[in-house]
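First comes the structure, then the notes that go with it.
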Amino acid sequence: MVNAGDMNGSGNLMDFLDEPFPDVGTYEDFHTIDWLREKSRDTDRHRKITSKSKESIWEFIKSLLDAWSGWVVMLLIGLLAGTLAGVIDLAVDWMTDLKEGVCLSAFWYSHEQCCWTSNETTFDDRDKCPQWQKWSELLVSQSEGASAYILNYFLYIMWALCFAFLAVSLVRVFAPYACGSGIPEIKTILSGFIIRGYLGKWTLLIKTVTLVLVVSSGLSLGKEGPLVHVACCCGNFFSSLFSKYSKNEGKRREVLSAAAAAGVSVAFGAPIGGVLFSLEEVSYYFPLKTLWRSFFAALVAAFTLRSINPFGNSRLVLFYVEYHTPWYMAELFPFILLGVFGGLWGTLFIRCNIAWCRRRKTTRLGKYPVLEVILITAITAIIAYPNPYTRRSTSELISELFNDCGALESSQLCDYINDPNMTRPVDDIPDRPAGPGVYSAMWQLALALVFKIVITIFTFGMKIPSGLFIPSMAVGAMAGRMVGIGVEQLAYHHHDWIIFRNWCRPGADCVTPGLYAMVGAAACLGGVTRMTVSLVVIMFELTGGLEYIVPLMAAAVTSKWVADAFGKEGIYEAHIHLNGYPFLDVKDEFTHRTLATDVMRPRRGEAPLSVLTQDSMTVEDVETLIKETDYNGFPVVVSKDSERLIGFAQRRELILAIKNARQRQDGVVSNSIVYFTEDPPELPPNSPHPLKLRRILNLSPFTVTDHTPMETVVDIFRKLGLRQCLVTRSGRLLGIITKKDVLRHMAQMANQDPESIMFN
């Protein structure tokens, strides 16, 4: 017997794996990362840089550059996300108006920009100017009458269909991942799941272009959710430029958390709300360092968007408003009622939308995504055009519903009967009786509300970019404005009632209907997404009114309570479960009294666990085991008899290591012994070179005993981001529990289908 290390002087060859080789440490598509391992690798990298920085000035400069690379990435993300959001806003504004007419002086101007530049615009007819012509005026020189209306109606539908068809075709051909909101997948990716290409360059380009097209087509969707996806694509692109992030999936996810904050910052003009949204809604791992960087990225993004000034009003959003009237305690009752409505609408929407999406996945309907988009667009355009509140873009509708009725407003919603003797400052107009315009607007709003509620259920989830924030806010704003007008008229006609007597005297400006619209919007958005803190902050950043935090909080909390009474899942969690992603939600509670031994594999009657031994298997044995199984990794034991645990080896790294050894090391053949120990085993003379794979062995895999309660195991998986843990008894290996096993067990305990968890 001879020591293999002495054979032919080849000891140095057997340690070739002490140097890293390509692709080691990476993960396969649709697999979960190992957070502990990524954290450990980053700590090693940081320790190495720190020790090297003392050797020379150049190494010290490199360590400084490494420390600053995080802030540089945040700066770049903020600049690109802000620029893209500004370009999207400008393009949407122009293309939405293109459905109704064109500017003769400069075709790239929107309706508003066209009439800004005109010297012939009057205050009463501020939306009319000779430079802006509707299609009927341009084509048949008629602006009024049945034929002009029919022509405008027809061209409105044609433009909408054209935009929608172009969008769905681009998504289908170039970037299938550019469809949907993106937030469910971003949440899953941030929890440690790999979806290659989801944050790629093609996805970024196609999502940006198609987002403009679908919002301009008039479909009941928003651009806010997809902007989070766009910002995360920017984050992924810039993190790939720095090895600190490109080679470490855990560090990359810190960048993506900050990018999500920048996305919400530019979507709503709410930098602080964006940071809180990332913390509350999408992030899985959010250390304090990421909080600061998210804040910086959100700040840069908001500053960039403000510099572009897409709405021409020096604001970051289209629906910025200011109210001048305080709210009163008695109004909390209608605010809470709006919260109840928001919770009920959220529950209804989630159940109906998930049922429709499940039907789409399981029937022939899912095979015709282009036809579905065309059909929904045609129905939307045909029903939307006759009603002025559904014809305009949803952002403009929300803006009008939020607005307070000042002396300069020309909206139908502000058609009140004025007192000719009134002499008051412009900002403090007293409550007045509603005129015919208000009553007709109420009817139109009621019809628009029913239409929006129904059509949004079918629109969200189609194979096009589709956000849910704006349609949800529109539903709530319409309901809120109608309630607000009702309360205002009640207070005007019955100011002697006990509830109005103390705070609403005749001739006073008591009730602000726009505030009710804002509270309703917050309630409905909260009911659908189950956000609370970030939602309230986003809403008050939108309006600039700190005074209205209490009404917003009351509505948000009520809507969450009501919606949670029917089911704990928000729309994003529901879509994650529908798609079968392995997402272990921190909010889910596990209260069942099962043990690790009930969940681990192999179970009774199943084949024994596939394991590797530390020094008695050949390369051929390992390759056969890999071919015959589809496990992500294998426990390594001393021998099959003792089953004492040594460590854990990942499948992908075994494949890469053997492939590299065959290419780079002479003498490695199929019957070479594979060993995971520090010293090679003693082999007979003339044996082929053994292959040392100790470098790829995880010597400290996470283990639990077979009597560990599953409640503790679930908590460990959540808090440490584990991929798998091994089950032992007195050091002997019994089985393995993967993240997929945990999720399937939780689904089973909740009387759901455990087979719905599809990925590893």
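Yeah, the Cβs are placed from backbone N, Cα and C, and that goes for glycine too.
Bear in mind that TrEMBL entries carry predicted annotations, made automatically and left uncurated.
Taken verbatim from TrEMBL:
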{"type": "TRANSMEM", "residues": "68-92", "note": "transmembrane segment"}
{"type": "TRANSMEM", "residues": "153-175", "note": "transmembrane segment"}
{"type": "TRANSMEM", "residues": "195-215", "note": "transmembrane segment"}
{"type": "TRANSMEM", "residues": "227-243", "note": "transmembrane segment"}
{"type": "TRANSMEM", "residues": "255-279", "note": "transmembrane segment"}
{"type": "TRANSMEM", "residues": "332-356", "note": "transmembrane segment"}
{"type": "TRANSMEM", "residues": "368-385", "note": "transmembrane segment"}
{"type": "TRANSMEM", "residues": "441-461", "note": "transmembrane segment"}
{"type": "TRANSMEM", "residues": "468-487", "note": "transmembrane segment"}
{"type": "TRANSMEM", "residues": "515-540", "note": "transmembrane segment"}
{"type": "DOMAIN", "residues": "600-664", "note": "domain 'CBS'"}
{"type": "DOMAIN", "residues": "697-755", "note": "domain 'CBS'"}
Residue counts (helix, strand, coil, in that order) that DSSP gives for the domain 'CBS' (697-755): 24 helix, 19 strand, 16 coil
Which of 68-92, 153-175, 332-356, 368-385, 441-461 contacts the transmembrane segment (195-215) most, counting Cβ pairs under 8 Å: 153-175
Criterion met for the transmembrane segment (368-385) and the transmembrane segment (515-540) (at least three Cβ pairs under 8 Å): no
Contact call for the transmembrane segment (227-243) against the transmembrane segment (468-487), three or more Cβ pairs under 8 Å: no
Top Cβ-contact partner of the transmembrane segment (468-487) among 68-92, 153-175, 255-279, 332-356, 441-461 (pairs under 8 Å): 441-461
Whole-number mean of pLDDT values that fall within the domain 'CBS' (600-664): 89
Helix, strand and coil residues within the domain 'CBS' (600-664) as assigned by DSSP: 24 helix, 17 strand, 24 coil
